[in-house]
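For reference, TrEMBL has these:
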type: BINDING; residues: GLY30, SER31, GLY32, LYS33, GLY34, THR35, ARG143, ARG186; note: ATP binding site
type: BINDING; residues: ARG56, LYS77, ILE78, VAL79, GLY104, PHE105, PRO106, ARG107, ARG147, ARG158; note: ribonucleoside 5'-phosphate binding site
type: BINDING; residues: ASN111; note: CMP binding site
Amino acid sequence: MGSVEAANKDANGSLTEKNPTVVFVLGGPGSGKGTQCANIVDNFQYTHLSAGDLLRAEIKSGSENGTMIQNMIKEGKIVPSEVTIKLLQKAMKESGNDKFLIDGFPRNEENRAAFEKVTGIEPAFVLFFDCPEEEMERRLLSRNQGREDDNIETIRKRFKVFLESSLPVINYYDAKGKVRKINAARSVEEVFETVKGIFGPKNEKAE
């Protein structure tokens, strides 16, 4: 067990020494954050890490850790913050980059506190794609007619969960002046114009 802890400390140490820039990306289902993350990666050389994708990849790998995650999800349990954070740390270390967009995490206040405690990293800022519920519904229903989890009741449930769990995180960072709120109800191009203003050299150096 000691060697695992030592390995984690090493992962922590190398990340903290590099002093990485971390941006949390939050937005409800259908807010368009995935598209904007891809644009930020292309234009500003960030590495995009999706907490959900990392968990799915770990499950697919068939590792002991992946089996544990799969069983927890099957039983309707929430995957512990530490598990997701370790996957994020590993991906950050392996990327060789020092600028990260962390998408869909922290999902709640407990995630947030655990991330800062485990990694010692505070985000440079939080990118919040603010989109009215009606617009998200319209986008999801028109985009994903084939996806069974995109019926109207499910969408409303997902939106409600997002609001209830993520708003405390947004409020916490807002009080520190770290939230960059973006009106995501506009076209992809218009939204990216605003995003570019936030990620321009001036803002990055100021953070």
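Every residue, even glycine, has its Cβ placed from backbone N, Cα and C.
If you check the binding-site residues GLY30, SER31, LYS33, GLY34 against PRO106 (ribonucleoside 5'-phosphate binding site), none has a Cα inside 10 Å of its Cα. Relative to LYS33 (ATP binding site), the binding-site residues with Cα atoms inside 10 Å are GLY104, the candidates having been ARG56, ILE78, GLY104, ASN111.
Minimal Cβ crowding within 10 Å, among the binding-site residues GLY104, PRO106, is found at GLY104. For GLY34 (ATP binding site), the nearest neighbour among the listed binding-site residues (ARG56, ILE78, GLY104, ASN111), judged by C-alpha distance, is GLY104. Note on proximity: of the binding-site residues ARG56, ILE78, GLY104, ASN111, the one nearest ARG186 (ATP binding site) is GLY104, by Cα distance. Figure note: comparing Cβ neighbours within 10 Å for the binding-site residues SER31, THR35, ASN111, the maximum is reached by SER31.
Between the candidate binding-site residues, LYS33, ARG56, ARG186, the densest Cβ environment within 10 Å is the one around LYS33. Taking the Cβ of GLY30 (ATP binding site) as centre and 10 Å as the limit, one finds 25 other Cβ atoms among all the protein chains shown. Under a cutoff of 8 A between CB atoms, and with a sequence separation of 6+ in the same chain, the neighbours of GLY32 (ATP binding site) are PHE129, CYS131, ARG139, ALA184, VAL188, VAL191. Note on proximity: among ARG56, ILE78, GLY104, ASN111, the binding-site residues of the record, the Cα nearest SER31 (ATP binding site) is that of GLY104. In this structure, ILE78 is the one among the binding-site residues GLY34, ILE78 with the smallest number of other Cβ atoms inside 10 Å of its Cβ. In terms of C-alpha distance, the listed binding-site residues ARG56, ILE78, GLY104, ASN111 place GLY104 closest to THR35 (ATP binding site).
Between the CA atoms of ILE78 (ribonucleoside 5'-phosphate binding site) and GLY30 (ATP binding site) there is a gap of 22 Å. GLY104 (ribonucleoside 5'-phosphate binding site) is 12 Å away from GLY30 (ATP binding site) when you measure Cα to Cα.
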